[in-house]
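What TrEMBL records for A:130, A:191, A:214 is NAD(+) binding site. Residues or ranges marked as substrate binding site by TrEMBL: A:237, A:259, A:262, A:328, A:361, A:415, A:420. Taken from TrEMBL, the feature Zn(2+) binding site applies to A:259, A:262, A:361, A:420. Feature annotation from TrEMBL assigns active site, proton acceptor to A:327, A:328.
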């Protein structure tokens, strides 16, 4: 049974705060193990990768075979069903088209002082993409991580993927090819993150590492941060559906379950102004759970973290949405636009009755890597900005420095930084 | 004596790699102490703030007096010399003007499928600004952190600043007023970071914390990350000057010293194609050090971390610059533009003989909070983007979902996520 809250309940604020504070992930402390693995990869390079791959992925590997050959990639990709390859191609084109529109403009102008100022966006030289093995090997995630990097102009994209028992995932290989990835290493875990961050004889180091992974991968990314950049550490998935009573309850139930089926720690919340509708959705969830292939996971998520919140008017949902700051927000109402404009915090908003969140996971175009665990209050989904960096540009000549310099000299001296002051004063013949 | 490297030396690569790998900061492990302080502030709130302030800042404080009154702020700000206030005002206007030009555009379009897609940038609701006390209380840093937040549209800016012995810094208070900050709390250290992250009865929690601080503040920011956003953890400052032999050696010497005077761990590097000029710069540094007010610090930095690198042609500097990825890069050459366009990695580039880095620390307009420790390979200086977040927007109707949906259903089933597939299929009457 999901949690039931009613905005009119005198204890609502307390209960809603508890819902917000609920921890959904067990913190697994693997730092010591991961630290040892990273140190070992830094010390022994490829030999350490070979050893850890034997131990964790149950396969013998020679250093010379860590990187997949083109024939191996293409051979596996050829096993991908044509319909899936076409759907991946369709998705890649839409992701590329959307992300291309988000590329920032360089700035270059001369201001009234005569100084020339600018901002120059440049792609990262090299990015490592972590792709999980086994059941969590999602080809859609390969596209969502790799395509924006390509759009940004990243020259080298190096993918790592564990291949337990030596098996390559055809759809993942097809996605890599569609995204233009030619460098793939069959390693995973903390050892793969260490190899990308520090380099080994067969794997040159990268500038940033992106992509999802288990607790070991997440811990490794945190530990190598600084040596390289990393993307956000994603938590379990979430959906918040704001729905009026005119929706088909089965549609809304499927949307709630499409997050719940990801993970027992996933969270699905419904906010509605119609108590009877809420009951119909709950019944529809139960009916679907009776036949869903991933029912055990979805049921655990729905029972432990699901919630139905009743409000008097749908506008009352707005402050609740902003406090939840959901990864995914659906506005399944007749006129979603005005409601949408009031929302400050959400990773992605899906508007209308025909915009199920699942369409955004694959083919809508925007990224499916989105901020979780209330971090949409202060962060954004993955995008081209994650693969660019900005250099500011300042050009002065003698005249413009004469206009800007004196104020800088005053401030430098007020801060007790005399060499700062003199670096300017000496050029202007000031005391 | 700074390190001397010559590009033609057969051991250059080894020595340059050592220079890159050099650690300049002692890692101080204060995590246990900081973790205890955070837990205590979460448990006891204002009472904990009062206790830590008594202990670390040697002052008695009542919970009701944690926040400065307007009269206190204005009284202190009035002590700021008029010339300094005018210079701060001048700087604030230039910082605002530059950052306003970097505001990203929202995206909103209908694509060929009929789907409406968008990206909406919204300001963070609340930001906490940490300002160090004592000698490192730089009013320029207040402007560099607060003005971009204001430009982004952040509603609430809460500043914390330790006031050891109760003394307020007039220039810092003047800068806060100029930046439009009205909420200032006289607390510092890990306890202030904890208060901003989790809130206390007198300090509502914020969404993100920015600003520099000592090892305790940095550790606290790392520990509260996730609960709130944080900016980068800045390392010691760096400058790399690429100069031809036509420069005045005293000018270049001042630029090198203007970083060296910050901190013994700061780093100043000169790359030149003129060995005789290099010698003149070194002599000029020595001459300046003989009379510099912060000579002890600057001398230690220059001796321990300074370097002079000789190259045959200035173009040979480009790959070295990109590997160093300096926080600040000066191109003190006759025609800096072509060289500048070849550079990939630098926090800020200063072009020409009349663009000393120090002008960028105060009044040029771009931010002086820039990536250090080679992180310009993958990150950018502080800017309006740090105070905005992007929400993606997807709107479909029945027709556009019919065009996009089938590919998504195919991919969801290929990934074994049947509820994802059904959330789309049920709306399209697909199997």
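Keep in mind that glycine also has a Cβ here, set from the backbone N, Cα and C atoms.
Feature map: TrEMBL annotations on the structure.
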residue	record	DSSP (3 states)
A:191	NAD(+) binding site	helix
A:214	NAD(+) binding site	coil
A:237	substrate binding site	coil
A:259	substrate binding site	helix
A:327	active site, proton acceptor	coil
A:361	substrate binding site	helix
A:415	substrate binding site	coil
A:420	substrate binding site	helix
Between residue A:415 (substrate binding site) and residue A:130 (NAD(+) binding site), what C-alpha distance do you get in Å? 45
Of A:191, A:214, A:361, A:415, A:420, the binding-site residues near chain B (CB under 8 A) are A:361, A:415, A:420
Number of Cβ atoms other than its own within 10 Å, given for residue A:237 (substrate binding site): 24
Spatial neighbours, same chain, of residue A:328 (substrate binding site) - Cβ under 8 Å, 6+ residues apart: A:237, A:238, A:239, A:240, A:259, A:346, A:347, A:348, A:350, A:357, A:360, A:370
At a 10 A cut-off on CB-CB distances, which of the binding-site residues A:214, A:259 has the highest count? A:259
Among all chains shown, work out which of the binding-site residues A:262, A:420 has the most CB atoms within 10 A of its CB. A:420
Just to verify: the residue among A:327, A:415 with the fewest other Cβ atoms within 10 Å, which of the recorded positions is it? A:415
Protein Cβ atoms within 10 Å of residue A:191 (NAD(+) binding site), excluding its own: 29
How big is the gap, in Å, between the Cα of residue A:262 (substrate binding site) and that of residue A:327 (active site, proton acceptor), rounded to a whole number? 14
Taking the centroid of the Cβ atoms of A:130, A:191, A:214 (NAD(+) site), which other same-chain residues have Cβ within 8 Å of it? A:132, A:160, A:162, A:188, A:189, A:190, A:192, A:193, A:213, A:216, A:217, A:220
Per DSSP, to which secondary structure element type does residue A:130 (NAD(+) binding site) belong, with helix, strand and coil as the options? strand
Distance [Cα-Cα, Å, rounded] between residue A:130 (NAD(+) binding site) and residue A:327 (active site, proton acceptor): 21
Compile a sequence-ordered list of residues in the same chain as residue A:361 (substrate binding site), six or more apart from it, whose Cβ lies below 8 A from its Cβ; state 'none' when nothing qualifies. A:140, A:368
Residue A:327 (active site, proton acceptor) versus binding-site residues A:191, A:214, A:420 - nearest by Cα: A:214
I need the CA-to-CA distance for residue A:214 (NAD(+) binding site) versus residue A:420 (substrate binding site), whole Å please. 48
